[in-house]
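Here's what TrEMBL has on this protein:
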{"type": "ACT_SITE", "residues": "Glu141", "note": "active site, proton acceptor"}
{"type": "BINDING", "residues": "Gly190, Gly191, Ser192, Val193, Gln194", "note": "ATP binding site"}
{"type": "TRANSMEM", "residues": "463-484", "note": "transmembrane segment"}
Amino acid sequence: DWNYAVIIDAGSTGSRLYLYRFRSVSEKLLIDIRPAYDNIRRHVIKKINPGLSSFADNPENATGNFFDLYYLKPLLDYAIQFIPFDKVKFTSLFIFATAGMRLIPVHKQNLILKNLHENLSAVVPMQVLPEHIRVISGDWEGIYSWIAVNYVLGRLDFVFFSLNQIFFAFSFKKDENFRKPTVGIIDMGGGSVQIAVETNQSGEEDEFSQKINLGCDDNNDVFMYRLFVSTFLGFGVNQGLQKYENYMKNHLIQNNAPYVRDPCLPKNLVKQIHMENGSIFTRKGYGSWDDCFDHLVKLLAEQNQKVECVKRNCLLGMVRAPNLSLSNTELYGFSEYWFSMEDVLSLGGSYNFTTLAHEARKFCAQKWSTVLYRWRNRLYPKADKERIQMQCFKSAWISAILHFGFHVDKYFNNFKSVLLIEGQEVQWTLGALLYHLRYFPLRDIQKQRLLEKKRRQNVTNRGIIYLLPLIISVFALFVVWFSLRRSILRRERSMWGYMMLSQNDSFAP
């Protein structure tokens, strides 16, 4: 019996709704959760603009209770079409706000959330709980992504072995559960990059480790995972470009030249850069991917010169690295790791630094006029104009971050860039529901136990009903038998008395 849940990713530019269905198989297993489909077998997803944070000055507009502007209601009305009527009132609604809401003042965040808490239940007939509507941190967004990816890959399942089926064992228990190895994720966005990877359960606790339990029993560690998770603001590709432009201005402009020669732009491409302080300078590309990569490595090296990171291994010069080798960890790269490798170079999938450098080197060495001509003739059908302008920089940036920010070996690694897993685009929203609905099996089990108790009572009652006529019949037969028995005994006593009287009479004097 499927249940339903709606989750809205309230991002910076818009809010995207996802509809999922889920059920409980056993309290010993994770819930079974899948995307719900529309009438033509597409995932139920709908986006609306602008972002929830745009209502910072008019929070009541988020629900439309005081104005005619209905923001979330069209999303929810759309989802209800694909939920069975008898399930709508039991459908849980989650609204998790991300980057856009994190950027506005806290008191304005609270006003928007307060309005949703108080008025949303009047707009939609779903289960609306205050704890299901909130702003989530970048780290939790990374945790949810890690959960979603590993769940879809089947890495959160357990392999059940019998000791009779294997030649060795790690304990003397009759049956042993073996946890599958999980994968780590690196998600490169425009403003930040996130990493989440499972670490040793017995390792040293710190502010970047997070224990999560995906099972329904908090006292059972079968589904307990310890993750290293961190969000690095300012290291997404767009923010990285700003860092690079500052670096060029500070290190490469010499003798007051009218422009700076830029290896990260295609040959002869000229771009005028307006800095935040009002200054302007010009970049003129000469298309050398190797020089571009080297400059970005130097830029990242400056981040690692902080005192606290000289004595220990740090990621991007900011965070102490987890106690494991990321080179030996199976890693999945998302967002820009896919787009920057696939849209122009067609290298998405298993990562090979040598191949990437070779193809990126060839692309960047082309004249800008040639690149533009090839793009207009659909030789790069997945890319827009901005992509082909920034492709040299972006491909070098993602590699520099991977190897010199996260210390993943260039040649010996287990990294791949992905867009789809098992045929679906995996969203962090799936992981969020898996985590927050983890107690559902307990409620389902309680419901099943009540139904089983009721069934047994019904069976008992039916048995009593069936046995009652038999009991009555047996009782009636017993009464008849008892009556006949008493009648016979009376007659026997009468005859015995008669015989005694006759004998006494015969011996009378």
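Glycine too: its Cβ is placed from the backbone N, Cα and C atoms.
In TrEMBL, annotation is done automatically, which means it is predicted and not curated.
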If you measure Gly191 (ATP binding site) to the residue listed as 'active site, proton acceptor' at Cα, how many Å is it?
-> 14
Cβ-based neighbourhood (8 Å from the centroid) of the ATP site, residues Gly190, Gly191, Ser192, Val193, Gln194 excluded = Gly138, Asp187, Met188, Gly189, Thr231, Phe232, Leu233, Phe235, Gly236, Gln239
Nonlocal residues around Val193 (ATP binding site), in sequence order (Cβ under 8 Å, 6 or more apart) = Ile186, Asp187, Thr231, Phe232, Phe235, Gly236, Ile401, Gly405
Indicate whether Val193 (ATP binding site) is helix, strand or coil by DSSP.
-> strand
If you tally other C-beta atoms within 10 angstroms for each of the binding-site residues Gly190, Gly191, the top scorer is Gly191
From the Cα of Glu141 (active site, proton acceptor) across to the Cα of Gly190 (ATP binding site), what is the distance in angstrom?
-> 15
Let me know how many other Cβ atoms fall within 10 Å of the Cβ of Glu141 (active site, proton acceptor).
-> 25
Here the binding-site residues are Ser192, Gln194; which one has the lowest number of other Cβ atoms no more than 10 Å from its Cβ?
-> Ser192
Just the number: how many Å between the Cα atoms of Gln194 (ATP binding site) and Glu141 (active site, proton acceptor)?
-> 9
Assigned element (helix, strand, coil) containing Glu141 (active site, proton acceptor), judged by DSSP | helix
Pairwise CA distance, Ser192 (ATP binding site) versus Glu141 (active site, proton acceptor), rounded so that it is a whole Å = 12
